[in-house]
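Taking it in order: structure first as structure tokens, then the write-up.
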Amino acid sequence: FPDGEFLMQGCPECKLGENRFFSKPGAPVYQCTGCCFSRAYPTPLRSKKTMLVPKNITSEATCCVAKAFTKITLKDNVKIENHTECHCSTCYYHKS
């Protein structure tokens, strides 16, 4: 696929989407949503030998994250990030 970009069926590209929970009329709040690259493959034997807990499958992924944002304060002094630009980058939060 050109430049590693592709769309999976039923999974939209990584882009800004309005967060309806935090948005107010005339003051929209945006967050990055959508899909990026991921793949899974058998773990190479040489890598398995160095693992504390050997795993048969290795996975790689990038996540849809904010490339740029502004910090805003909502009522009750709640601070959130209003995303202004998105890209596919390192996933910071993983399920165990």
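Start at 1 and count along the chain as shown; that gives each residue its number.
Glycine is treated like the rest: Cβ placed from N, Cα and C.
Looking up CYS86 in Swiss-Prot gives a disulphide bond whose other cysteine, out of CYS11, CYS32, is CYS32.
Out of CYS14, CYS35, the record in Swiss-Prot bonds CYS11 through a disulfide to CYS35.
Out of CYS14, CYS36, CYS63, the record in Swiss-Prot bonds CYS91 through a disulfide to CYS63. Using a 10 Å radius centred on the Cβ of CYS86 (disulfide bond) and all shown protein chains, the other Cβ atoms total 23. In sequence order, CYS14, ALA61, THR62, CYS63, CYS64, CYS88 are the residues near CYS36 (disulfide bond), counting only same-chain partners six or more apart with C-beta under 8 A.
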